[in-house]
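Record features, source TrEMBL:
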- 581-673: domain 'DYW' (DOMAIN)
- 163-197: repeat 'PPR' (REPEAT)
- 264-298: repeat 'PPR' (REPEAT)
- 365-399: repeat 'PPR' (REPEAT)
Amino acid sequence: MVSQVTCLADGLEFGHKLQANSVCPLHSSSKEEGALHATTFLVNNRVRAGSNSTKSQKPFFQTLKSLTRSGKLEEAVQLIESLPPNLRNTETYSIVLHACISHKSLEHGRRLYLELLAKDQHSQRLLKEATLKSKLITLFSVCGYLEEARSIFENTFNSETVHESVWVAMAIAYSRNGCLKEALLLYTDMLWHHVKPGNFAFSLALKACADLNEIDIGRGVHAQVIKSYEEPDQVVNNALLALYAECGCFNEVLQLFGKLPKRNVVSWNSLIASLIKQNQVFEALNLFRRMQREKMGFSWVTLTSILAVCARLTALHFGKEIHAQIVKSCIRADILLLNSLMDMYVKCGVVDCGRMLFNRMRNKDLTTWNTMLTGYAINGCMDEAMGLFNEMVSSGTRPDDVTFVALLSGCSHGGLTETGQAYFRKMEMDFGISPTLEHYACLVDILGRAGKLEEALEVVRNMPMKPGGSIWGSLLNSCRLHGEVSLGEVIAKRLFEIEPNNAGNYVILSNIYAKAGMWDSVNMVREMMQRRGIKKEVGCSWVKVKNKVETFVAGGGTEFRKSVQYKKMWFELAEAMETHGYVPDTSVVLHDIDEAMKSIWVCGHSERLATMYALINSGAGMPIRIAKNLRVCADCHSWIKVVSQVTGRTVVLRDTTRFHHFKDGECSCKDYW
């Protein structure tokens, strides 16, 4: 019999080696069935022999674990169903229920649950144990049966006390199925029942508060953590960091981070996320560098966050470094990270690299297609965008509202009026996607930019929802482009009611008046802004040179402009550009001053300063990449075109709406933007 137990522990064809003095049902059609019958036979023999020791049960548990590890849940459940009462215990059911959860096997888990309900009092006592309750709740919740999980939880109250683990299991079930409020309410209900929360409960409640942006409740949970008899573990500390980061409480994040006894990658990720939320993107990059210096390592979440920063700053060099780290990693990048990497390339103006990555991705989701499509659209590659859209539909990937926003905005900035209208019709007719305000704003912009203001107004009158600021703002910008003063005044008045604090609307109206030479009206708008405490956003541009990102503001860079290198480069450029017929367009200056002063003001625009800095401090032939927080002005656009022709340098400028690729005196936008 000892040899039989050894074979059973090994779990390898022990049914064929079993030699018993009595009849043994081993003549089955498969090795698995033979193993099952052999196990049952041995168990029954042990029971008859009166051996209930832990040693005698060990081979059985090893077999059960072997079956569950190999995914043979049917055999495992059959084995439990054939067990005598003395071997049916918490550990037995836990082993199989854990496997059912891992495989999301509701069928086998439900069989065990029903068996526990139907068996003797011993089984029903097992069902009241916290471990099995928790596992059953988890099983039903991971399989999407929240009501059944809730039913099991509520049956718990028949006993005198409910263990914290059961409360936590039910709260996790709510959270897993998107019922965050219910999860938080359950936590408060647990406190009402005088159950002391531990670290599991704290971390769950804090996560729910973060997801719901409930900072006040989160602070209350934080107070309970401090008062708790149990020291907060790493998970709770990270949940606190995530709470304050999500709710924008940057000072609290810094304080917590500084006091943490131990920091892991999740802790650093929370601080990086907080910095990004506070718009401190340069600090986020520096923190990532610090992580690397301290040999903390990183997770895919870390890299996904930093790639978004690189995309925002057009920091291509940093983005390429992260790409290299991904390639060197022994773990295959997930689709979220690859989508972020592709997004970084296209938003740094390197569309070809984005497309190469797109082509090499084994799996593509809807975000993958939309990211590449948006990349083509914002870089002015509408032929490629339309080709990719056709490829997307042919592949069986169904477009969504984001897909059509990319196509429509690309048509708007590319002057593809008829194509844009066709896509708008196709969206609902062919794909059943109802247009949103954003889609209508794109259509209005398409018509308005083309000078079809009456048609644009007709769309606004007939759209099924009330037009918002984006719709009227698009119309106001079209009035600026086509010098429609009276219509612009009417629309601006409407915008001042809808968005009284949006400085951009006041600036566009000033532009309309300035273009018409109505300086009294320009002053009137400026005085209105002063009375209402509205300040125009300062133009800001940044450029990366020699591993450092330099930032310039309009009218700033005084020391740089006084430098010998700047003056030398400026005069050389001025002479060369004059031979190419460049004349400053001073109409972009919204002040009633003489032409000489207007020319000086234009020279201080941030994108021009950034271009000059890159020309001086980077090698000949190197592309220049600039990002700007506002729309590029018309004169700077003309100036950079000539700079690209005179110097032979490619300049890639990203403003608030799109990319401008300047090369050999031409721009990818074809002067339509």
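Placement of Cβ uses the backbone N, Cα and C atoms for every residue, glycine included.
Small disclaimer: the values here were computed from a predicted structure and weren't measured.
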Going by DSSP assignments with H, G and I as helix and E and B as strand, what are the residue counts for the repeat 'PPR' (264-298)?
26 helix, 0 strand, 9 coil
Secondary structure tally of the repeat 'PPR' (163-197) (DSSP, helix then strand then coil):
26 helix, 0 strand, 9 coil
Let me know the model's mean pLDDT on the repeat 'PPR' (365-399).
95
